Structure formats: C-alpha cells, structure tokens
C-alpha cells in the first residue's frame with residue numbers, strides 16, 4: 001500500500017494541476033496523488049518499497065513520466081511507450097508490414113519517426129511521395145484518446161533523388177498532390193555533405209579577393225584549419241593541393257552533390273550542394289522544419305557491440321532525441337522519462353534514485369514486450385534485443401535562474417557539464433548493476449549492460465508545466481509571463497523565480513502588478529525594467545534574447561554524456577541574415593550535435609508563448625509533439 005501525501009498538491013501551479021486533470025487523470029481519480037500512485041503501482045513489478053519510492057519521486061516532482069506513462073490506464077488499448085521508429089523497406093512486404101504496424105501504433109498512442117528507404121519512381125515504384133501521402137492522411141484518421149491525433153515524421157537521406165520534392169511538401173503553394181501538411185519531415189545529412197558546405201563557406205570568400213601576401217596567408221590558414229579537423233581524413237588529401245589561383249574551378253567541383261537511387265546505386269542527378277543547403281535552411285525558416293539528423297555523428301556513437309551485429313542508425317524519431325538502430329526487422333522503441341533539474345541538488349547524489357528510475361523504465365519496457373499485439377513484432381524484437389531507454393531532463397534554465405546564473409555565462413557552462421556528467425556516471429553504474437541483477441540485453445552480451453542506451457533529452461513542454469511550471473527540457477523559457485487557454489479556462493503563468501524576486505523587490509501588490517503588465521506588453525521580456533540590475537536582466541533573458549550559439553555550445557558540451565540525442569530547437573528573428581543562421585547550423589554539426597529539432601521565429605513565438613493557445617479538445621491547435629513528453 002502506497003502512502004499518499006496530499007500536501008504535495010501544493011507543488012503544482014493552477015495550470016499544471018488543471019492540465020494533469022484534463023489530459024491524464026482517470027475519471028475516478030480525485031487527486032494527482034492518486035495518478036502518481038497508480039503509475040508507481042503499475043510499473044513496480046510487485047516491489048512495494050519500489051512503488052512507494054517511485055510515488056515519492058513523482059509527487060515531489062523529481063521524476064516526470066512520459067505522456068503515455070502519465071496517461072496509462074485511461075484506455076484499454078494504450079501502451080506506455082512514447083514513440084516508435086519503423087523503417088520503410090523497399091519491398092512489397094516491407095511496404096505492407098510497415099503500414100500495418102504504423103496503423104496499430106497510432107491507435108495505441110505512439111508517435112512515429114519513419115525512416116524512408118524506398119526508391120525513386122520507376123517501372124516498379126511510384127516513389128516516396130504517394131506512399132508518404134497515405135501516412136499523411138492517417139495522421140488525422142486515428143484519434144488517440146481525448147487529447148490528440150496521430151503524429152508522424154518521415155526522414156529521408158539528403159542524397160535521395162526526390163529530396164527537393166520532399167523539402168517542398170510542407171511549404172506554402174504548389175501542387176496539392178505533393179503536399180504533406182500533417183507529416184513532419186526530417187533529413188539525414190552525412191559528413192560528406194557537411195564537409196562540402198564547410199569548405200565552400202570557408203574558402204568561397206577568397207575567390208573574390210585579389211591575390212596579395214595577406215590574403216594568401218589567410219587562405220593558407222583557412223585550408224590548414226580544414227585539414228586539421230577531425231572530420232577530414234585520407235580521402236581529403238586534395239585539400240593540401242588547393243591553390244589560390246585555381247580556387248574557383250576547384251570549388252565548383254566541391255559543390256557537386258550527387259542524388260543517388262537507393263535501389264540501384266546509380267547517380268540520377270547532380271546538383272549544387274550550396275543550393276540544397278540553402279533550400280533546407282530557408283524551408284526551416286519558413287515552416288520550422290525539416291529536422292536535421294547528422295547521421296554519421298549518430299552512427300559513430302553507436303555502441304561497438306551493436307556495430308558488430310551489423311546494425312546502423314537510419315533515422316531519428318518524431319522529436320529528434322532518439323537515435324537507435326532500425327531495419328526491416330527492427331522498429332526502435334522510445335521508453336522515456338525525465339529528471340527535474342529544478343531539484344537537482346536534492347537527488348544528484350542519491351544512488352537509490354538513479355537505480356529506481358532505471359528499474360522503473362526497465363519495467364515499463366517489459367510491460368510493452370509482454371502486452372504488445374502481434375502486429376508490433378518488430379518493435380518487440382527491438383525492445384527485447386537492446387532494451388534501450390531514454391532518461392532525460394527538464395528544468396535546466398529554471399535551475400540556473402534559481403541560482404541567479406546567466407545561461408550565457410561561464411558558470412552556466414560549468415554547471416551544465418557538472419549536471420550531465422553526474423547523471424551519466426551514476427547511470428553507467430546502474431546499467432552494470434541491473435545487468436548483473438536482471439541479465440544483459442541480448443545486444444549487450446559480454447558487456448555486462450542491461451541497456452544499450454540510457455539517456456535522451458526529449459522536448460517535454462507539457463511535462464514542464466505539470467512539474468511545477470519549470471522550464472522545458474534544456475531550452476530557455478520563451479517568456480516570463482504568458483497566457484494559456486485550455487478546455488477548462490484561461491491561465492496566466494508567471495516565471496516562478498522572477499515572481500519570487502519581484503515579491504522581495506516590490507512589496508506593494510499594485511506596483512508589482514503594474515510591472516507584470518509591463519512585462520506582458522514586452523512579450524514576456526524584462527530587459528526594459530528599471531527595477532532589475534544588469535545581472536538580473538541577464539538571468540531572466542528569454543529565448544529570443546539569448547545568443548543561439550551559446551545554446552548550441554551548451555548542447556554540444558552535454559552531448560558528451562548523452563548516448564542518444566537531444567531535442568535542440570533554435571530561435572532566430574524573422575529578419576536574421578541567412579549567413580548567421582548557416583553559421584549556427586554549421587557550428588552545431590562541427591561540435592558534435594546529432595540532431596536539430598525546430599527552427600523557431602519571433603512570429604511563431606509571439607503567438608505561441610505570450611498567448612499560448614492549446615485547446616486540448618481540438619488536436620489541430622497542438623503544434624508541438626506531446627508523445628515524448630517526459
């Protein structure tokens with residue numbers, strides 16, 4: 001029997017409490033504490049002390065379950081898995097089996113990250129667009145409970161002959177027969193393409209320069225920087241022979257990018273790499289997508305024991321934080337939960353906490369293996385073989401603000417490293433401990449590991465609201481005050497750390513309300529306030545006000561301790577120069593990020609955050625993925 005503490009309801013704000021009631025609690029549950037206790041009992045594997053500890057972690061907001069776990073039990077067919085990664089194999093059986101699998105997954109509440117491995121149109125194939133149109137339509141065909149419709153993303157290699165058509169599927173205008181407005185899209189980008197972009201962006205400016213000792217010295221330094229990079233190897237010896245005099249002709253050769261039919265291996269067309277890259281950047285600016293998956297970076301990080309089995313990563317998932325091997329026999333499974341960094345100081349050295357969280361997700365995974373229908377045999381095979389889980393985080397920006405640390409400062413970088421190094425080291429120990437107690441995953445035989453992967457940082461915007469209105473994932477707050485509409489009414493939400501500061505600084509209630517009104521009028525920004533110091537204004541910068549390179553470098557630093565990926569979104573002003581946007585994207589690849597999620601803009605942000613409308617009765621109003629919440 002779990003001992004429930006109703007006083008922990010005070011940890012919710014009004015919006016978080018209402019969101020939990022509207023979207024996750026069962027009709028016969030009168031308190032959020034009952035919901036947490038139910039989840040703890042379901043996934044404790046009959047270990048009552050574990051159930052009590054899991055309840056305590058959730059009710060104290062240390063641990064956030066993913067959405068399918070949080071809503072578990074509301075429907076008979078639901079399974080506690082957030083997202084699935086099927087691979088669309090280029091055979092008749094592969095096409096049929098994947099369609100059946102995806103339909104089943106949509107009905108049980110899973111988001112889809114589809115790897116597209118089929119050929120361009122020929123005498124036997126209609127190409128990718130007609131197939132993807134069926135998936136686009138099915139997004140609206142399956143309603144998952146009361147809160148959302150199905151949601152899919154498709155990933156295509158950047159060398160596929162239909163890549164340009166694929167990039168146009170979500171853009172405004174054009175033939176409606178080639179539009180996929182319900183289907184998110186992502187692009188697999190290899191190092192070979194990014195090296196071309198890096199070379200061209202580094203050396204192209206010299207083409208227009210007059211030869212002189214200064215420019216030739218700068219040119220040689222630029223070439224040396226490229227040659228010395230870890231991305232360049234034996235195949236790039238030609239860089240040593242690049243000449244200033246013949247640079248234009250040499251760069252024309254570099255700029256050639258072959259589009260290759262994956263079925264025949266034949267080059268179907270050659271286009272300019274720079275034009276394709278610019279199309280990707282502009283499409284992201286216009287639509288927020290495609291997501292970018294640097295597939296070679298992901299595969300380099302794949303554990304050697306899985307490489308030895310001939311496995312490889314072919315795509316990411318709906319929210320770009322999961323990178324696991326897939327093929328015609330494996331549909332990767334996302335089994336997620338998040339640690340609330342707002343409480344990092346309380347649980348960071350609690351060894352039992354890490355063991356319990358990993359055990360909890362292992363139990364969730366086993367429940368899926370035991371209860372999944374036969375249609376999901378590929379997903380069950382993947383889950384059983386690698387037992388991958390994704391322990392993530394939320395509340396990073398909130399934690400920094402609680403310490404009055406500016407997210408762009410050196411202390412923030414040091415805290416970032418400390419947090420994720422601490423989590424990783426504890427989980428490595430737990431992986432071996434559970435491997436000894438419960439046995440190695442089949443993929444991991446000989447390593448002592450229970451899990452092939454243990455960490456992935458999901459976007460978890462909804463979870464952050466429920467978990468005490470903390471900041472989502474590792475993203476900054478988008479505004480310090482915003483209004484959110486739900487089916488139960490409107491809520492004005494305040495940054496809790498700023499609220500505490502203003503209550504201390506401005507005792508008069510009416511004066512304080514005038515300050516909040518002023519913040520609201522400035523799109524949630526505090527940069528205009530005379531009542532705050534320069535340092536305090538830095539601490540409470542909103543996402544649009546933060547240098548995106550700082551966010552990329554923070555993500556790159558923590559990636560060293562994350563064995564999967566992160567849902568890393570970037571914000572740019574609508575009038576931002578494309579050269580700056582290119583620079584940030586290039587830096588993300590150079591510094592080892594595996595994926596980029598959404599491209600945000602102020603136009604979207606103003607609507608999305610200062611007046612954030614999410615009427616949960618209408619799935620069309622939910623722009624962000626909720627499957628990986630956790």
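From the backbone N, Cα and C atoms, a Cβ is placed for every residue, glycine too.
Among 59, 67, 71, 298, the residue that Swiss-Prot places alongside 82, 83, 111, 317, 318, 319, 320, 321, 459, 460, 461, 462, 463 at the substrate binding site is 67. Put simply, of the recorded positions 67, 317, 319, 460, the one whose Cα is nearest the Cα of residue 598 (site 'Important for electron transfer') is 319.
Neighbour counts of Cβ atoms within 10 Å were taken for the recorded positions 83, 119, 317, 321, 598; the minimum is at 119. Remark: of the recorded positions 319, 334, the most isolated position is 334 (fewest other Cβ atoms within 10 Å of its Cβ). The most crowded of the binding-site residues listed here (67, 460, 462) is 460, judged by how many other CB atoms sit within 10 Å of its own CB.
Calculated from their C-alpha atoms, the gap between residue 597 (site 'Important for electron transfer') and residue 460 (substrate binding site) amounts to 13 Å. Within 10 Å of residue 317 (active site, proton acceptor), counting CA to CA, the recorded positions 119, 334, 462 contribute 334. Comparing C-alpha positions, residue 90 (site 'Allosteric effector binding') sits nearest to 119 among the recorded positions 67, 83, 119, 319, 321. The two recorded residues, residue 83 (substrate binding site) and residue 334 (disulfide bond), show a Cα separation of 5 Å.
Each residue contributes its Cα atom, and for residue 334 (disulfide bond) and residue 462 (substrate binding site) those atoms are 18 Å apart.
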